[in-house]
């Protein structure tokens, strides 16, 4: 038997211990149950308070709505591998996004980069902490860009009259004179294609692949990309092979003239008259299938009898399928159109009029993966989809392709030198390029 004073001491000690447990941090919360399955020592209100984000009022989402609260501890719902949610399930993703092959130049926390600015300078910033303006500090003056420019993402942009990586050098001419020397004929500084440094333009090469040349000239006035306008796809050369492209313009050889040096001086027709004669009723000279010289069309490929007509308006290749079969073997081709034999119909005479299967069997063959008949863009006949004629660009086995996705050149899908197959150009022999716009073959025998 213990004296009453000793019992009072035990009650007081138990009360103090319980109060202390209520005040401990959440990391200590597993001790709030005496043993697994025991009742929680916290009140419901206190338990929920510990599971809410700081500053959130009663009734706000517990564990950021991504878990359940168990005696003041958040049990997060992790449904995907690699996901991490933190003490209050506050982190949505554990891993930060990558930048230039690396993950965060600072510290990755909750899927976001925290930049190292322990000195309070704020010079390291960016979504990936990729910008470090400490690189702009001049070693001698210890100033940003030597005090003669502004730094952006580790690069100095100098004031007029100064240059160098850290704006450490001063020009020997006045800013006004520097600007005058860098002004192009159209009144722009370095033609808006370069940087002016002490009166000299450093041109920006905007096409690092080199496919179309670069930018050059004293004031960056020459942009060889402009030569695209004088590129001739039949000769696979600039200026029709009869001149040199300079600053986007053709300097023609003797005996030739025109924007692309395509017109011989021996021709009695003007370039405009020549084009008109080659155009005929088409929107393009030689129907986009040949080369116009002095009002006469040379159809391409040269010697291929499938392309013919005064303005190359007939193209019997259009009667062939991807395997080269003409009109499905059930018709004849006339100027690019199939004339079907009796009992067959379709653009390529590919559909028989008589069907030997039930309607149910036919529909089963016309259903696409999503269970829709011909993708809802055509009708079904004998197990084959017939795409809507009103929407000329719809094609494919289940009318699920859009021919408008195929590349164009001169306004023609696949330049008229190939077949559009579900968004990709299948070029005919001798032609190459995304839009079948380049002739690489030799003349046909």
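A Cβ is built for glycine as well, from the same backbone N, Cα and C atoms used for every other residue.
According to TrEMBL, the signal peptide annotation covers 1-23.
Summarising the annotation, TrEMBL assigns domain 'Integrin beta epidermal growth factor-like' to 46-90.
Note on the domain 'Epidermal growth factor-like' (136-167): residues 126, 130, 174-175, 178-179, 197-198 of its chain, located 6 or more positions outside it, place their CB under 8 angstroms from a CB of the stretch. What TrEMBL lists as domain 'Epidermal growth factor-like' is 136-167 (among others).
The domain 'Epidermal growth factor-like' feature in TrEMBL is assigned to 236-261 (among others).
TrEMBL lists 278-312 (among others) with the feature domain 'Epidermal growth factor-like'.
Same-chain neighbours of the domain 'Epidermal growth factor-like' (319-349): 309, 313, 386, 419, 421, 426, counting only residues six or more beyond its ends whose CB sits under 8 Å from a CB of the stretch. Taken from TrEMBL, the feature domain 'Epidermal growth factor-like' applies to 319-349 (among others).
The annotation domain 'Epidermal growth factor-like' is assigned in TrEMBL to 406-436 (among others). In terms of DSSP secondary structure, the domain 'Epidermal growth factor-like' (406-436) contains 3 helix, 14 strand, 14 coil.
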Number of helical, extended and coil residues in the domain 'Epidermal growth factor-like' (136-167), per DSSP: 4 helix, 12 strand, 16 coil
